[in-house]
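Enquirer: Look at TrEMBL and you will find 338-402 tagged as domain 'SAM'. Among the features that TrEMBL reports, domain 'U-box' is placed at 407-480. The repeat 'WD' feature in TrEMBL is assigned to 50-91, 104-134, 135-176, 234-275, 276-310.
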Amino acid sequence: MMSVICTLQDHRDDVNWCAFSGQLFATCSGDKTLRIYNSHDFSERPFSPLSGHGYGVHCCCFSTCGQFLASCSTDATVLIWSMDTGHIEAVLEHPGRSPVRICAISSDSAHLVSGASDGTIALWDFPSKQLRRTGAGGDSTVVACSFSPCSQVFVTGSTYGDLRLWNLDMKQLEAEKNAHDLGVTCCTFSPIILSGGQVVQFQLASCGQDSHLKIWAIDSFYTGVYKMHLVHTLTAQSAPVLSCAYSSDGQLLASGSVDKTVTVYDANNAVLLYTLNRHERYVTACCFSPASRLLATGSMDKSVNIWRLEDEHSEGPALSPGYGKTSARPLTLLVSDWSEQDVSSWLLEEGIEGLVDKFRANNIDGTELLSLTKETLASELHIESVGLRNKLLRKVEELKNELDCSGIPDEFLCPITRELMRDPVIAADGYSYEREAIASWIHTKNRSSPMTNLPLLTTLLTPNHSLRMAISRWKTGRAT
């Protein structure tokens, strides 16, 4: 089931878009502002709201690392905001000064694309914030855009109803002229890449004024040819569908509609899982958190609902009165995955509470905890007591000894290292590997598959969130 755990009601006009990064959550509105929240408890950041646009803000999106936020507006600009300070880092003026309706940043944070009311598209070099190319997507307003997970192509959608596929040279690779009758409203790529033989396949979801949510397959052939075809048409909503979003593992697909509902589908099987009814007006925005089982939905009722997918293994922030207090150390994470708070909890549990403040001041997380030595404890952390240093190191050694990997299911082991995966990714050959191991393999083995010895058509590595969650569940059951 899914339940609302938080409702944000800070905007004074329609909520037009919302976006998650790993640590932050952003919303934008017709009230000309953006609101920035901490994604762990949805408290508003000190520099929020952000005011810089002269008219309503249509869209916002984070760079992959969450360091920057881009927003676009009827004022014909895309603003780049620093998420450290809340200050404007750059102002990108759309060619022709036409109202900008959509913007998107590639997953490698190398490019930003913006689409405008006059049908023009601008491709920007994101690091330098310089205009790279412009193109025309037709005579109608460009209202939708999404980069593929490999960051090499992107799709735009317009009020005319077409979907167009472009490369980074602004060459149109494919077009679906009548994707949605009466107009496209939103489109988004799945993060999953499928590979087989000489073909790499992406999946794209789009929605429109025809009240349909559609799933498309985009095939990329080794010859450089792209083909697009319809896979599913989902019709659970009774009015125009205004927004759609995939979960970070590509397993779920959500959409928001003029009928005030939010639908959540099994993306692989196109099966309706939930219909959510908590908004009083049109649902204009939806997005999934990349770090937890949360879905955010925004509406013309000026509110944003935060939903949690609740099952026996659900994850996400517990927004309780005691939030922020020290809790028991997590059993579901490898020590190297511990946060600074997890390390503090472990110190308390082990009776070394005297080091909590010092560790927090030095931002010691799980990875750094495992790498501590007598020298670093003395010279960098300035722990003078030899007995305390020795006690801490003994406890750390006990932690390392707990990482016994016997009895691990084979599918949880990296094919290269034969060790339990902590950050599993899917390569172009369709197999899952530990990120560091496959990245090193690609660098040294001339882009060949470790499993098939065939050339990898792309070096893109896609996070396998489903496998990571399965490993986490296995570790939870093993601990109990």
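A Cβ is built for glycine as well, from the same backbone N, Cα and C atoms used for every other residue.
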Enquirer: DSSP helix, strand and coil counts for the domain 'U-box' (407-480)?
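Expert: With helix first, then strand, then coil, the domain 'U-box' (407-480) has 28 helix, 12 strand, 34 coil.
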Enquirer: Average the per-residue pLDDT over the repeat 'WD' (234-275) and send me the rounded value.
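Expert: Summing pLDDT over the repeat 'WD' (234-275) and dividing by its length gives 95.
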Enquirer: What does the DSSP secondary structure composition of the repeat 'WD' (50-91) look like, as residue counts for helix, strand and coil?
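Expert: So the counts come to 0 helix, 24 strand, 18 coil.
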